[in-house]
Amino acid sequence: MGLQPLEFSDCYLDSPWFRERIRAHEAELERTNKFIKELIKDGKNLIAATKSLSVAQRKFAHSLRDFKFEFIGDAETDDERCIDASLREFSNFLKNLEEQREIMALSVTETLIKPLEKFRKEQLGAVKEEKKKFDKETEKNYSLIDKHLNLSAKKKDSHLQEADIQVEQNRQHFYELSLEYVCKLQEIQERKKFEFVEPMLSFFQGMFTFYHQGHELAKDFNHYKMELQINIQNTRNRFEGTRSEVEELMNKIRQNPKDHKRASQFTAEGYLYVQEKRPAPFGSSWVKHYCMYRKAAKKFNMIPFEHRSGGKLGDVEVFSLKECTKRHTDSIDRRFCFDIEAADRPGPLTMQAFSEEERKQWLEALGGKEALSHNFNRAIIPRPEGSAQLDKMGFTIIRKCISAVETRGINDQGLYRVVGVSSKVQRLLSMLMDVKTCNEVDLENSADWEVKTITSALKQYLRSLPEPLMTYELHGEFIVPAKSGSPESRVNAVHFLVHKLPEKNKEMLDILVKHLTNVSNHSKQNLMTVANLGVVFGPTLMRPQEETVAAIMDLKFQNIVVEILIENHEKIFRTPPDTTFPEPTCLSSSPPNAPPRQSKRQGQRTKRPVAVYNLCLELEDSDNPNPSKEDTPTSSLDSLSSPSPVTAAVPGPPGPDKNHLLADGGSFGDWASTVLSSRKARAVYPCEAEHSSELSFEIGAIFEDVQTSREPGWLEGTLNGKRGLIPQNYVKLL
């Protein structure tokens with residue numbers, strides 16, 4: 001598992017875990033900064049120390065080999081993996097050069113040192129300055145809140161109102177700065193991959209001419225260089241698309257932060273000051289806690305956390321809520337206070353919210369008086385439905401636009417990437433969507449409508465559909481194969497899923513992808529390669545139902561799905577899909593990572609690498625297209641909630657979502673274990689146990705009495721008389 005995405009909505013909660021994620025990003029950037037600094041120093045040694053060239057090269061190669069880029073989310077694209085692997089490739093190449101004892105090119109200063117220094121100074125340096133501002137504003141904000149909450153309620157109303165305004169203005173300024181800092185952190189994490197690897201690529205290219213065998217070495221390196229340049233360009237293009245989506249989401253949240261709160265398992269959560277009484281004559285103190293409340297279970301959790309002391313977490317206290325009562329200022333010399341009584345804790349607790357509005361929200365959640373009419377945690381507002389539909393008119397509009405593009409502009413450079421004037425696009429759409437004027441619009445012969453206006457109208461129409469063309473329901477299933485597996489297994493999985501789409505969606509997708517295939521066939525003229533079309537149409541054809549940074553980080557995988565559709569149009573749309581994926585062609589040469597384990601000490605999931613899944617786990621009986629639930633492999637448990645047998649053929653990665661609580665209080669794992677009877681399984685990868693509860697085994701080992709474990713992503717089985725845990729994606733059910 002890489003770095004966790006920083007959600008903009010969390011800037012407003014500013015929870016302890018949010019701060020932990022920020023520190024992880026900061027630590028990674030500091031690690032990168034130190035590495036680049038060391039790498040620059042090593043590069044200069046290559047120029048200055050000709051006599052010790054061999055030693056300097058070895059150290060340089062060693063530094064490259066040991067460094068690995070961290071990524072945001074749970075998987076990388078193939079291009080990003082190639083970029084990551086490029087450092088090891090560069091390291092191996094340096095070793096070959098060292099054997100020849102040749103002199104390093106002096107051009108290293110221009111090709112490597114200066115770009116890295118520029119990146120370190122302009123990019124990493126800018127983040128450091130933002131961090132200083134963020135830390136300073138954090139100190140100022142919470143100091144001012146402390147001071148403000150200590151104001152006597154007996155002060156004049158005008159004085160109190162003025163103080164309230166000042167605090168609110170300061171909090172808004174803090175949120176603005178927090179949003180910008182979070183955006184900058186994530187941008188630099190994504191940017192550093194191509195910003196760093198490109199100078200390295202130039203450096204290696206420049207070295208060839210300074211060696212006796214430089215010409216031959218360059219010929220050998222050329223193929224890899226071209227592929228890596230494509231990887232870098234694809235990654236850069238996806239970065240640009242992702243960045244625009246992230247900025248759009250940030251602006252939405254900035255305008256209406258309350259409408260974009262993330263769905264939470266808690267009815268209410270946030271900071272409260274808790275009064276802690278001390279023995280006389282010391283009086284009492286107020287300590288800031290992060291509090292969480294589940295209304296269904298009436299469980300109240302609170303944990304002390306102080307931003308200004310380095311963000312150290314205290315011990316969690318959990319109790320059952322009995323009663324909540326509002327406190328008036330005539331009974332306590334503080335505002336925004338309320339009392340709660342616990343069923344399993346002596347004495348009442350007095351708590352203070354940050355404002356009157358927040359107190360009302362807590363009172364509503366806790367069952368006190370003066371409740372608001374809205375929920376503390378609001379649901380994500382769905383996208384508004386447009387007038388675009390997949391009806392006869394919709395098909396006419398798309399066919400009309402496609403015909404015009406292929407007639408007039410198939411060779412136009414930047415086709416679909418060059419955007420039309422917004423007012424003209426809207427006017428064209430209005431005319432096309434009007435039954436009275438649609439037939440009158442002549443797109444093929446009229447000079448009134450530019451090709452870029454037509455292409456923009458086509459994309460806008462598809463984006464205006466009530467739901468994306470490839471549907472919300474199948475969005476997650478389309479993303480899974482793009483993240484893992486062999487190229488063949490990816491095509492098979494996407495082929496399989498396309499035929500699960502509603503008939504109208506599939507028909508429209510067929511028309512569009514056929515057109516995009518034609519566009520890509522003219523890429524020498526229009527420069528719109530399959531990868532470029534994927535960047536343009538990924539967010540047009542696919543989008544998640546909930547807008548979050550984590551979802552936007554999957555945008556690059558949406559692009560890959562569209563690339564697969566374009567490259568395999570004939571197979572996907574003209575042939576029926578297989579119901580199983582052949583095992584020999586899709587098993588990778590190396591085993592996947594084991595799924596994360598459940599921490600026994602804290603009851604939280606340990607952050608370990610997410611498993612890489614191969615889409616080759618087939619159903620038990622390949623000739624049985626409708627297996628019963630009892631015969632469904634554990635690798636397909638994600639799909640047990642769906643009546644469609646197709647879902648079971650595309651396994652999804654295990655994760656926290658599989659262990660969510662059901663309405664009756666049980667977990668998904670508990671429920672699944674009652675559905676799946678015990679079976680045998682064969683190991684398809686070797687595994688060495690990392691814990692006493694796990695089993696070690698070699699390829700081909702046969703497990704008896706295999707059942708679903710309570711641990712998501714794991715099975716329980718018996719091997720040689722010993723029972724233990726088995727990584728689910730290391731075995732195949734028999």
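Any Cβ shown, glycine's included, is placed from N, Cα and C.
Per TrEMBL, the listed range annotated as coiled coil is 225-252 (candidates: 113-140, 225-252). Residue counts of the domain 'PH' (265-371) by helix, strand and coil are 14 helix, 49 strand, 44 coil (DSSP-based). When pLDDT values are averaged over the domain 'SH3' (676-734), the model yields 82.
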